[in-house]
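Read through the structure below, which is laid out as C-alpha cells, and then see the notes.
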C-alpha cells in the first residue's frame, strides 16, 4: 500500500509511474482482514453493532472499491492512457487510504487495552509531550477538532526522531500524506461512533482510550526505529 502513496506523489512523471504500476498487473487482490477479537469484545466502550457495520460494511467497501480501481488502473496502464491514470488517483488515495487506516485501527484496539503504555514508548511520550496526560489531551483535542470526517494520529517522524500528533482528513493515509509513520490512529468518521454516541464525538473519544492496545502501538514504535 505504500506503493499507492508513492504513486500519488509521482503523478506528473509518467516514466516513474510505469515501473511501480507494472507490478500492479500481477499482484493479488486486497482482502478484508479478520478482526483479532469478536465484534462485541470492545463493549461497553464500542458497541458490537458499530463494530460489525464498521468492519463488514465500511471497511469492506474500501477494499472492494480499491480492487475495482486498481483493475481500471491496470487497464489504463495497458492502453497508455495517462489521463485515465491521473483521474483514478483520487479513488486510489481514498480507498487505499481507507484500507490502510482501518487495517491499523483494528489492531490498535483490544478488549484488554486501556491504561498507559510501558517501556520505550512511554519514555518517548514523556520526552516529546511532557507527560502521558499531556499527550492524551493533545491527541484528543486534535481528533475532536477534525472538521467533518478524518482521523487523529500519533506518528513517528523518522527524520527528527520524535513522536508527533496530527490529523488527516477523509481517508488520507498518514505516511503517504505527511511522511509520519503511523503508530496509533483514531477514526473520527461518524460511522465509527454515531450509533452509540450520536453527535457527541468527545464522549466517544473519552471511551476509546479504554480499549487502546498499547502493546500494538509499542510494537509499531519499536519496528519503525529499526
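Cβ from N, Cα, C; glycine included.
Any TrEMBL annotation is an automated prediction that lacks curation.
Long-range C-beta contacts of residue 54 (Mn(2+) binding site), restricted to its own chain and to partners at least six residues apart, with a cutoff below 8 Å, comprise 102, 187, 191, 192. Sequence annotations record features per position, and here TrEMBL assigns Mn(2+) binding site to 54, 102, 187, 191.
Here the domain 'Manganese/iron superoxide dismutase N-terminal' (29-110) has, by DSSP, the following mix of helix, strand and coil residues: 58 helix, 1 strand, 23 coil. The feature domain 'Manganese/iron superoxide dismutase N-terminal' is assigned by TrEMBL to 29-110.
With DSSP classes pooled into helix, strand and coil, the tally for the domain 'Manganese/iron superoxide dismutase C-terminal' (117-220) is 54 helix, 24 strand, 26 coil. Sequence annotations record features per position, and here TrEMBL assigns domain 'Manganese/iron superoxide dismutase C-terminal' to 117-220.
Cβ atoms within 8 Å of the centroid of the Cβ atoms of 54, 102, 187, 191 (the Mn(2+) site) belong to the same-chain residues 55, 58, 59, 105, 189, 192, site residues excluded. Using a 10 Å Cβ-Cβ cutoff, residue 191 (Mn(2+) binding site) registers 14 neighbours.
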